Amino acid sequence: MENLQLVLFVLGAVAIIAVLVHGFWSIRRQQPKSLKESPMTGLYTDKTRDSDGFDADGVGPVRVVKNNAEQGIPKATSTSRATPFGARAQESEPADVSPSFSLSDEPKQKAPRSRQEPVMSATPNEEVSDAHLEQMELGLGQAPAQPSLFEDPVTERKQEAVRPAPRVEAPQSVAPASVEPVSVEPEPAPKVAEETPLGDPQDVLVLHVVAKEGEALNGAELLPSLLTLNFKFGDMDIFHRHEDNAGTGKVLFSLANMVKPGVFNPDEMEQFTTQGIVLFMTLPCYGDPLMNFSIMLNSAHQLADDLGGEVLDGGRGAWSEQTKQSYLQRIRAQM
């Protein structure tokens, strides 16, 4: 058993070492080669150049241009070529020695020519001496019509600045066209249908809510019930039911005290008692008379349930289905 454990331990250690070695080898394999091992290293070495400083592709060394602001003439340095500076200047562009005369007093401006930058060398030992420059100026002075090979860049900038600016004509002021005022007519307000007067009442529908024999309706219970049914105290000191539940609009039907004088005092409702109340609706009325009568009948039944009374017709008779149908016929007769 101990030998088996030892063998398993050795095998596990060997497996771990193999996994680590394989991981390091994979990481090294995925890393990019260094610049020294790259096969493109040879491309970055300096190519061989000939005696004139040009390589096999005809590309020369980097040229540096220097300007001498004190003398007004840029100093030029020759390259490694053996050709003298004055000879190269004469070979590059032949001089036209024939002088040109003009009768006009205004001097003519020479057309700008393509300027060739001189080849400069960054080596201070190869700069042209002042005597050499004087000889070059004397040699070039024989051809007055020949333009200088090296023109001062500041002079070119001044000549460019002398060029006349293009004329910009001021835009002619155009008188604005007369705009006629447009009259906007206000939209007519929606016409409200004028309410036709109802005229004199032709019929009155009456319902009674009376207390049971030997009892009375209590005002402390009557007032909350009336407010719940959206009645509002108003004209003639009685309660009215309006078109709107908030107590606004036309009166649909009213509620009065059955006992003379038939009025209520809201401040004394807690001490108020009565034998009954009466609900009445005149015909014709505002709105739908059938709907108004249905609301009045439901209110009468609700008050009877809340106060412990009963509903009677206009003659204080028992309310029945036949009585209801007769009331509906009276309503339809007025429609």
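These residue numbers are counts, starting from 1, taken along the chain as shown.
Glycine residues also receive a Cβ, built from the backbone N, Cα and C atoms like all the rest.
As annotated in Swiss-Prot, region 'Disordered' covers the listed stretch 163-185 rather than the other ranges in 140-162, 163-185, 232-254, 255-277. Note on the topological domain 'Periplasmic' (1-6): mean pLDDT across this stretch is 82. Note: the topological domain 'Periplasmic' (1-6) comprises 5 helix, 0 strand, 1 coil (DSSP; helix = H, G, I, strand = E, B).
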